[in-house]
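These notes concern the structure reproduced below.
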Amino acid sequence: MENLQVKALPKEFLLGTATAAYQVEGATRVDGKGINMWDVYLQENSPFLPDPASDFYYRYEEDIALAAEHGLQALRLSISWVRIFPDIDGDANVLAVHYYHRVFQSCLKHNVIPFVSLHHFDSPQKMLETGDWLNRENIDRFIRYARFCFQEFTEVKHWFTINELMSLAAGQYIGGQFPPNHHFQLSEAIQANHNMLLAHALAVLEFHQLGIEGKVGCIHALKPGYPIDGQKENILAAKRYDVYNNKFLLDGTFLGYYSEDTLFHLNQILEANNSSFIIEDGDLEIMKRAAPLNTMFGMNYYRSEFIREYKGENRQEFNSTGIKGQSSFKLNALGEFVKKPGIPTTDWDWNIYPQGLFDMLLRIKEEYPQHPVIYLTENGTALKEVKPEGENDIIDDSKRIRYIEQHLHKVLEARDRGVNIQGYFIWSLQDQFSWANGYNKRYGLFFVDYETQKRYIKKSALWVKGLKRN
């Protein structure tokens, strides 16, 4: 890796951090909260439970103050749907409404701008039982929830509708790490993505019809796919992977339809896996109307993939332990993930490749010139860390600093090349519960002792605090 240092940021560039309600709040049975899909699934299938997680439900003031004290100007967080509507068809929960008002007011008091997601991997259990995003009736339920939040939380000026559509659908219907734990159901995964893109479009239209002040968009986790070499079949496999993971979503968001090229390659993948998806009459009309009304876009980036052609039985191994070499991914007619010599990986087998971030930002600029302002809404790396011996000891996470610096450098380089990107959010503010890894996968700028809930400062937080402004 090149030797570089980021010492200063543009004056108007936002530096923030990110969380998600279910991963940090805890308090899963408090103040009338309803049941979401993880409450049931984890109780039945996991040794890890998300209570108290990082205890953010009670410690939000402390955590937001820590963010402000260390130079973070924005906080990405999400609202728990089942706190607001314990019964998704019932009345709003006043206690939850008051709670989120307090959280947002705390952000504003500390001069931390709240960027709020409505859905972050946490559908209500009743929604899951009725098909989750595969059931179009649940789109109507989501719009009801979105409308309520848009109108109620007027202190929020930055709204994201749905977080990481493909990550959610792939976790539910390809890898099976997320409820309902289905495997290699391509029809379900692609249909869920299309329906979420439609739900996002309807929420954007609702936002503007209501005359809400602020910005609105969605968040995609984009992962560039590179052929492992110059062989024609591997180039084609990388192309198909890109369509599946990136272009399908970007077309639907910024164009409001799927290009001929996208549909051609997507159909090749679907046909090879005896799968299909349905675009109903009127869907693309709605998506086209909404596309130019996106006023911001959230991009999450952690890794790129190197692809080799694969034709055979679908297989995926998920690394849930942090022991290198346990993960694999092989999807018929899409490709196989392979390691490229010289590219480092995390303990969870994620490639560390900052150039992929730069390439994707430039690509969005070139292929979707109508795109709105971009925020890198998640970027960070997980480490295995232990509680320090002294009460005031600083945890040395130099590897995290290096990771952040490399990626932030690429963001600023892309910005210099004309990409309209105006912020960078580190995942995550504090250590938190991981959906499929429990508590040993630590991303935070602040270490959480889960037994006492004490926060310890990491070196990365001090590094962030030391960044200057041009």
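Glycine is no exception: its Cβ is also placed from the backbone N, Cα and C atoms.
Listed by Swiss-Prot as binding D-galactose 6-phosphate are Gln23, Asn163, Glu164, Asn300, Ser434, Trp435, Lys441, Tyr443; the candidate from His120, His200, His265 that the record includes in that site is His120.
Among Gln23, His120, Asn163, Glu164, Asn300, Ser434, Trp435, Lys441, Tyr443, the residues given in the record as binding D-galactose 6-phosphate, the maximal Cα to Cα distance rounds to 20 Å. If you take the CA of Glu378 (active site, nucleophile) and look 10 A around it, the binding-site residues you hit from Gln23, Asn300, Trp435, Tyr443 are Asn300. Spatial neighbours are here defined as Cα atoms within 10 angstroms of one another, and by that definition the neighbours of Glu164 (active site, proton donor) among the binding-site residues Asn300, Trp435, Tyr443 are Asn300.
Counting every protein chain shown, the Cβ of Trp435 (D-galactose 6-phosphate binding site) has 21 other Cβ atoms within 10 Å. Long-range Cβ proximity for Tyr443 (D-galactose 6-phosphate binding site), meaning a same-chain Cβ under 8 A and a gap of 6 or more residues, is found for Gly380, Thr381, Ala382, Leu383, Trp427, Ser428, Asp431, Gln432.
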